[in-house]
Each structure stands twice: as structure tokens, then as C-alpha cells.
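**Q** One structure is given below, represented as C-alpha cells, and several questions about it will come after.
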Amino acid sequence: MAPRKKLKGLVAATITPMTPDGKINLPVIRQYVDYLVNEQNVKNVFVNGTTGEGLSLSIQERKQLAEEWMCQGKDKLDHVIIHVGALNLPECQELARHAAAIGADGIAVIAPFFFKPTNKDELVAFLQKVASEAPEVPFYYYHIPPLTGVKIRVEELLDGIKAQIPTFKGVKFSDTDLLDLAQCIHKNETGEFEFLYGVDEQLLGALAVGANGAVGSTYNYLGRQTNLMLQAFAKPDFALAQQYQFLTGEFLNFVIKLGFGVAQTKAVMTSVSGIPMGPPRLPLVDASSEFIVKAKAKLDSIVWPNGD
């Protein structure tokens, strides 16, 4: 068995393409994979997460999407990580078993956020029950307290976690608390865990404290530019890396003021890639035509350091 390739660099948080009548649109995923690899130089994906409206999809839809990404990504993608989190344990376990059965490169779990774990032990117990259903699959905790309201610090979570979850490989860290992230990385002296940052506009700060890479929605359409930022950081050419981060931030700051969420991300991706991502699922509603025009104009106006 070949040694597992370390998960690092950029991971696109995939959008779930939908037809105009709101059904998942599986046939466009082949084109989506080719676009990520060939146009954005992104070869890792995180499927059925927040950007993918995972919690708004049925279990069957989530399985179909996972299968299609695995099928179309074969020999093209380096890692297909499947988010299997749900509001109840049996569904998480079912999705974990399914991800293992189709050969996923990893699974990730968000903390349940209606009935919430209130301390580390409760959260780890929940995660362990999910991870144990896929005992050969690398396991990641998806930390996103702004959405879950579960604010248990990851630094605390890491203590002893490997003994309880042998497959634990790291964290998708979608929070602005760089102190917590830095303490996690400081504790990770052996480098056995991977810390993938999930706040795209602050990625450079996370890299500075030692993040291995990033999972985010903007890497669907700004992956090439962000990869150039990673290259500049690695040289190191911090001034050039800053330029890329500042320009990404300029775009995001602009669209956030207009109102920016999953629906708007789908619209931007459709505009940039030409791949029809379709509408979001209710209660989310379509991005306005005004947003689409303004966002496209803003993105087109940005002059990147590589001359784009």
C-alpha cells in the first residue's frame, strides 16, 4: 500500500451545482474537476461542507455527490475529503461508512449545533463515534464556531485526541482566532497533524504561524492567484505574498459589503468559470443581478502581480 500523501496547499470547498428547479446537477462535476485542476491548479477538494450546502442536502444527495467527486476525480485529484457532519450521530455514521466504502481520502465532521457539545469530552466522544465507523480513513475536525456556536478551543481538543481517535489527522480551522491556531501548531512539534485554514482573507496570517494549507470557497475561482501567494510566501517574498493577500481581501471586502454568502459564491463561480452552478437551496435565495454585475466588475478590475 502506497504511503499516504500529506494534505497541504489549497483545498477547494466545493460548490454543489444545482439545476434551475433545485436538484443536484451531477453531470457538470466532470467539467468542474477539470476546471479546478487545469485552470486553478487546485487538486484537493472538500465536498459537502458549508460552501456545498451540505446541511441543506438529503443523505442520498450527499452520497451521490461524494460518489461523483470520487469518480470524476480519479487520477486527477490528489485528495477528496468528504464532510460527513450532520445534526445527529446516526446520519454522521452512515455518511462516514459510505465515504469509507467509496475510497474517500479523508472525512471531516462539524460539531453538531442544535444540541451542542458543551465541553471537550462531549465533543471528542461525538467525533470518536463517527471516526470509528471509518477506521481506515483519515479524520479531520471541522472547526467553525461562527456557524456552530461551539467555541471549544482546538488547542484544548488536541490533548490526548490521538489516543481516542487513532485516525485523527488534523483540523479544518475556520475561525479568526489565530492565537488558538498558533498554540495548536506550537503543540504539533512532530508535525503529525495538518492544520488547514478556512478564512480565506486571513490565509497569509495563518501561514505565518504555521498552517499547512487552506480550505476555502475562493480557491474555486482564485486558486491560481492564491497558489502564487503560497509560492511567494515559500520563497520567501513576503512583499509579493502580501500583494496577493491584499487584493483577495479587496475583492472580499467589496462583496461582503454587498452581502456575500453561498448564493453569491455560486454566482461568482458561474461568472468566472462558465460552469452553471445554479441557485442555492432555500432558505437561501439567488444572488441579485445587481450583485452579479458589481462583483464581476470588481473582480475584472483587479490587476494581479502576475499581470492578470
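For all residues, glycine too, the Cβ spot is worked out from N, Cα and C.
As annotated by TrEMBL, active site, proton donor/acceptor applies to Tyr142. The feature active site, schiff-base intermediate with substrate is assigned by TrEMBL to Lys172. Sequence annotations record features per position, and here TrEMBL assigns pyruvate binding site to Thr51, Val215.
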**Q** Compare the Cα of Tyr142 (active site, proton donor/acceptor) against each of the recorded positions Thr51, Lys172, Val215 and report the nearest.
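**A** Looking at Cα distances from Tyr142 (active site, proton donor/acceptor), the smallest one goes to Lys172.
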**Q** For the residue listed as 'active site, schiff-base intermediate with substrate', what residues in its own chain, 6 or more apart in sequence, show a Cβ-Cβ distance under 8 Å?
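**A** Listed in sequence order: Phe46, Gly49, Ala108, Tyr140, Tyr141, Tyr142, His143, Ile144, Leu196, Gly198, Val215.
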**Q** Let me check the 10 A CB neighbour count of Thr51 (pyruvate binding site). How many other CB atoms are there?
**A** 25
